[in-house]
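A.B. asks: Annotation comment: Swiss-Prot describes His146, Lys167, Arg250 as active site, evidence class sequence analysis. Feature annotation from Swiss-Prot assigns ATP binding site to Gly161, Asp162, Ser163, Gly164, Leu165, Gly166, Lys167, Ser168; the stated evidence is sequence analysis. If you look up Swiss-Prot, you'll see Ser168, Glu210 marked as Mg(2+) binding site, on the strength of sequence analysis. What Swiss-Prot lists as active site, proton acceptor is Asp185. Taken from Swiss-Prot, the feature region 'Important for the catalytic mechanism of dephosphorylation' covers 271-276.
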Amino acid sequence: MDTSSINAQSIFDDNAATLKLSWLTGHEGWERGFSADTVANATSSADLVGHLNLIHPNRIQVLGEAEIDYYQRQTDEDRSRHMAELIALEPPFLVVAGGAAAPPELVLRCTRSSTPLFTTPMSAAAVIDSLRLYMSRILAPRATLHGVFLDILGMGVLLTGDSGLGKSELGLELISRGHGLVADDAVDFVRLGPDFVEGRCPPLLQNLLEVRGLGLLDIKTIFGETAVRRKMKLKLIVQLVRRPDGEFQRLPLESQTVDVLGLPISKVTIQVAAGRNLAVLVEAAVRNTILQLRGIDTLRDFMDRQRLAMQDPESQFPGKLV
């Protein structure tokens with residue numbers, strides 16, 4: 001991942017209002033940030049932001065009341081040694097939190113070394129939590145997929161398939177049935193947690209749906225505010241295909257999944273053919289997926305019922321399948 005754009009200046013600009021940050025000194029070091037190795041070796045955003053810790057120098061160092069009190073109790077010699085060691089390790093920047101006054105020696109050393117030094121009246125714990133959430137979001141794995149991303153019955157569903165199969169027309173039909181549009185054509189996905197992938201629309205395409213013959217439709221203007229969504233968690237991928245009957249599996253015995261940013265996402269395949277009501281089929285697929293998430297597998301229940309029927313000597317289906 002390119003980390004060159006993640007530096008003290010960008011982090012300050014994005015969080016100054018939320019965290020009430022003030023840039024005290026070290027403005028010349030605005031380009032300081034994280035190396036690619038530091039980001040690659042970090043197991044989570046907790047490795048990139050934390051309380052003052054000289055063992056982990058390559059992270060954002062936050063000094064709260066406890067750290068400042070500890071500093072004040074040290075001898076002049078120990079203070080000088082600790083400050084020199086901290087600055088020599090070249091952290092991206094330092095934050096003095098809790099409204100505490102930054103120690104004069106720390107301010108002087110940050111000025112001389114061009115180390116950015118921020119202050120904030122907010123507590124150290126609040127600053128760390130907020131910066132960790134921010135770092136986890138901007139450093140999360142990302143991907144852009146082609147398709148129509150919708151909110152169907154509260155579930156994020158991505159319609160995919162070759163061009164010309166009618167994905168946008170199907171999306172328009174589903175929107176007219178009360179479902180919501182997240183994005184059309186290009187969908188930005190980001191893995192924000194260990195068990196979910198979130199999809200959003202690029203700002204340029206916000207609220208727009210392209211339909212052949214009609215051009216660009218502003219879904220928010222046509223259908224109202226409730227017809228669009230800002231983001232949704234991806235739970236199901238519906239792939240539209242056009243195949244001969246002999247190549248289409250009517251009853252897949254195993255659940256199908258697609259890997260999206262390292263997370264398996266449920267997938268169903270729907271054949272496009274004349275006379276098929278695709279909107280109803282997609283809604284049924286979503287309802288069935290919801291049941292599966294609740295532990296209800298209709299196909300497996302049927303197979304168990306069939307097996308018991310064949311084992312029953314009084315059953316009207318004696319014998320076994322061949």
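From the backbone N, Cα and C atoms, a Cβ is placed for every residue, glycine too.
Could you place the listed features in the three-dimensional structure?
C.D. replies: A C-beta separation below 8 Å, combined with a sequence spacing of at least six in one chain, links His146 (active site) to Thr160, Asp185, Ala186, Val187.
For the recorded site, Ser168 (ATP binding site), the DSSP three-state label reads helix.
All protein chains considered, the CB of Lys167 (ATP binding site) has 24 other CB atoms within 10 Å.
For Glu210 (Mg(2+) binding site), the Cβ neighbour count at a 10 Å cut-off comes to 15, with all displayed protein chains included.
Secondary structure at Asp185 (active site, proton acceptor), taken from DSSP and collapsed to helix, strand or coil, is strand.
Helix first, then strand, then coil: DSSP counts for the region 'Important for the catalytic mechanism of dephosphorylation' (271-276) stand at 0 helix, 1 strand, 5 coil.
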A.B. asks: Can you give me the Cα-Cα distance between Leu165 (ATP binding site) and Glu210 (Mg(2+) binding site) in Å, rounded to a whole number?
C.D. replies: 13
A.B. asks: For the ATP site given as Gly161, Asp162, Ser163, Gly164, Leu165, Gly166, Lys167, Ser168, which other residues of the same chain have their Cβ within 8 Å of the site's Cβ centre?
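C.D. replies: Once Gly161, Asp162, Ser163, Gly164, Leu165, Gly166, Lys167, Ser168 are set aside, the remaining close residues are Leu240.
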A.B. asks: Which of Ser163, Ser168 (the binding-site residues) has the most other Cβ atoms within 10 Å?
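C.D. replies: Selected residue: Ser168.
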A.B. asks: Using Cβ atoms only, which residues of the same chain lie under 8 Å from Gly166 (ATP binding site) while being at least 6 residues apart in sequence?
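C.D. replies: Listed in sequence order: Leu240, Val272, Leu278.
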